[in-house]
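**Q** Encoded as structure tokens, here's the structure I'll be asking about.
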Amino acid sequence: MLDKLLRLGEGRMVKRLKRVADYVNTLSDDVEKLSDAELRAKTDEFKKRYAGGEDLDDLMPEAFAVAREAAWRVLDQRPYDVQVMGAAALHFGNVAEMKTGEGKTLTCVLPAYLNALSGRGVHVVTVNDYLAKRDSEWMGRVHRFLGLEVGVILAQMTPDQRRAAYNADITYGTNNEFGFDYLRDNMAHSVEEMVQRGHAYAIVDEVDSILIDEARTPLIISGPADGSSHWYAEFARIAPLMEKDKHYEVDLRKRTIGITELGVEFVEDQLGIDNLYEAANSPLVSYLNNAIKAKELFQRDKDYIVRNGEVLIVDEFTGRVLVGRRYNEGMHQAIEAKEGVEIKAENQTLATITLQNYFRLYDKLAGMTGTAQTEAAELHEIYKLGVVSIPTNKPMIREDKPDLIYKTEEAKYLAVADDVAERYQKGQPVLIGTTSVEKSEYLSRLLTKRRIPHNVLNAKYHEQEAAIIAEAGRRGAVTVATNMAGRGTDIVLGGNVDFLTDKRLREQGLDPVETPEEYEEAWHRVRAQVKAEAAKEAEEVIAAGGLYVLGTERHESRRIDNQLRGRSGRQGDPGESRFYLSLADELMRRFNGAALESLLTRLNLPDDVPIEAKMVTRAIKSAQTQVEQQNFEIRKYVLKYDEVMNQQRKVIYAERRRILEGENLKEQAHAMMVDVITAYVNGATAEGYAEDWDLETLWTALKQLYPVSIDHRDLIDSDAIGEPGELTREELLDALVKDAERAYEEREKQLEEIAGPGAMRQLERNVLLNVIDRKWREHLYEMDYLKEGINLRAVAQRDPVVEYQREGYDMFMGMLEAMKEEAVGFLFNVTVEAVPPTPAQQVAPVAAPSGLEEFAAQAAAKSQDGGVATKERVEPAPALRAKGIDDQAPPLTYTGPSEDGSAQVQRQTGGGNGGGRHSALSRRERREAARKQAKAARKG
């Protein structure tokens, strides 16, 4: 019903877009008469008009006409009217649903050019590094021709390269890289380290893949946290000895496992313990659960592969290896133990954000895909994006044949091989879609036995995928592809002219970025040659029936099936598609498999005879709808919990930004000092009269905080107070605040002797920044732990989300109080020395606080009057170094849902990301250690 309601205004929007395209057409004649220089000058004209108050909507028709003409002159491609309509839909902040082969990449050039005129930057988001680099080079030629700068963000780029790319008018990159740069910017220790300049407008290519399929996986930057590999190995030994349905139960549909009483007893016997669930052994339960999950729910060569002694995750949507991506919460270690490879250390979250909340940062968001209507409701609910179906340039004439269902998987694959052999004999190109690496290689062996030449395109060979896909439409080509590997490259009958032209030019040593003038000069000549060759071959392929797409299994999402089918029949070409299924397929087993098997048994059909039945088609559609709904609920579930973190993240990141931008923090430091002393005094004077207060304990705590110069006995005996016992809480607090203010002024003078005027302001910035960072990391750790067990609240008839919100808020406020206490302690007690600046170094303190152990040790070693270690002043004015605050950070791991393996893991040292000093066995013990440490700090 919601889908129908969302589509009510779609017709009016399409008519509006058509009017835009018609208007752009009326400007074409005038634009065509302009010289190259005059066309390029239009960019400056548009920028001046925008600066003068004209709206981008007003500039749109002219800007589109200019960009359209530039594309024709540079690429030999003139966007069709439907592409101009799609471009307008993108500019208005919609998702443009454009079928495969309709030219989404070229369409993106127009709105990117228009919105770049504002000078605020445009981000074009792609699904992998290859497409980001390719599009920035190919489409960037048009933008550069028009005088705009184009940048690209790739996985291994340095911060300086990234900063330059973001400063360009238009920046290409993956969702993974954009998101991680945002998180890294909010871990930076100076404005100069930051790379992004805001979030004005983003165009997301393959928007369904990025905003829907991958949205279940948040972006996470993590650092090492010690764990015990011994227990992973021990439970990897035990798990194979346990029997399914006896020791544990498995729910494939929900992907969960449950240990039975017999299973618990079996594990206790194996480990030689009395009670698995007593407090001392409770960490072992997670090791057990993960070991069983690794055994039953994670299959080698489907969910992951093992390469060079390393477990690599395979993307369930694309079949590609996600190098460096690791499962969280010890799951990856359990799989490593199962496979007998090296067990790597568990990671602790340092910064995280979901894709939903990252993309909602943009002032305007738009997207393109060939399949979006099935997810229109989710795109509207989560991102407030409307979906507009753009008409095809030519009528679709592809023939989608009914599914064929076989009783066994073996019979299905033999039938597939026979069908492919028949098509190959008549020269018809075939694209075969599989759901896993294992199945693509099994099918490859069958084709090899029949001596059918073919290319295998899957996670193990993704380096070659663009080249293979570009030639998959040639005569007699047979391509076996895992799911949607090769997205972004068109399968053109006779061969992809643009790709083959680029390939030929690169073979001649020409490059659109390195040798742009020579490349542009040769482009039109070489493209004409390639186009003529491809046209001749295309005629032969069309005579053979066009591209035949053969699916070997239905995916759980209808969109993935539609994407595979959409490879055929582009731009009005002929084509065919068909799915071959069996009762052993994953989707059939999870939903209604038993009923279908019973039907086939009653029909008494041989294994190699398929059936075509509407009941089967309906069952498949029903199953897919159920899975899609489940996945939507999972994504909403992730978002509900992240929304709590999102509000807290905004507060912390805004505070960090304020500190980084150099705001004077003296007043804030003073307010924090007063708050902390007030909390100490309130705690000590909460009950009784002055003679009942434990001032000895209060003074002991205060001496750990700052160099106290007054004695509580003198304070009571002072004439200013009066008779003993008449000291009030307000008088005590006032005296201590004045004493702390005196100590702070002395501290400031001492630092000026070390590093000159403004030294205290520098130390305030660095200490506050680093205390915020470390406390935020601890808070993320605590919130992760809270979320792990929050669903148990449902047993007590409490809403887990509400409970998470309430407790998360309490924990956040507690963290803010702990931040104040720790920051004040560092400001008074950290040992500071002068460090001569290097010639290229900006004079500034370097600060990244280590643990409270350093602070406590320094505080204990200090004399009662709070002396500070100083050195003679060095000329020129030196930088500050806060001892124990300048520790080197551990390497970081980046986990995210990118398709491209190379974008998954980067290592860096420094950056102010402390790894902590945890050495306990489990998450629970590490958490308790952190709590004891924080408690000790609060007690002083």
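Cβ coordinates are placed from backbone N, Cα and C, and glycine is handled just like the others.
Automatic prediction, not curation, is the source of TrEMBL annotations.
I grabbed these lines from TrEMBL:
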type	residues	note
BINDING	Q83, G101, E102, G103, K104, T105, D490	ATP binding site
COMPBIAS	922-931	compositional bias 'Basic and acidic residues'
DOMAIN	1-612	domain 'SecA family profile'
DOMAIN	85-243	domain 'Helicase ATP-binding'
DOMAIN	400-617	domain 'Helicase C-terminal'
REGION	862-940	region 'Disordered'
**Q** Taking the centroid of the Cβ atoms of Q83, G101, E102, G103, K104, T105, D490 as the ATP site, which other residues of that chain lie with their Cβ within 8 Å of it, listed in sequence order?
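**A** These residues sit around the ATP site: M98, T100, L106, T107.
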**Q** Across all protein chains in the structure, which of the binding-site residues E102, D490 has the highest Cβ count within 10 Å?
**A** E102
**Q** Of all the Cα pairs drawn from Q83, G101, E102, G103, K104, T105, D490, the residues the record ties to ATP, which distance is largest, in Å?
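**A** Per the listed residues, the maximum Cα distance equals 16 Å.
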**Q** For each of the binding-site residues (Q83, T105), count the other CB atoms lying within 10 A of its CB, then report the residue with the highest count.
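**A** Max Cβ neighbours within 10 Å, all protein chains included: Q83.
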**Q** If you draw a 10 Å sphere on the Cβ of G101 (ATP binding site), how many other Cβ atoms land inside?
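**A** Taking every protein chain into account, the count is 22.
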**Q** Let me know the model's mean pLDDT on the domain 'Helicase ATP-binding' (85-243).
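**A** Mean pLDDT across the domain 'Helicase ATP-binding' (85-243) comes out at 90.
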**Q** Between G103, K104, which of the binding-site residues has the fewest other CB atoms within 10 angstroms in the structure shown?
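**A** Least crowded of the binding-site residues G103, K104, by Cβ count within 10 Å, is G103.
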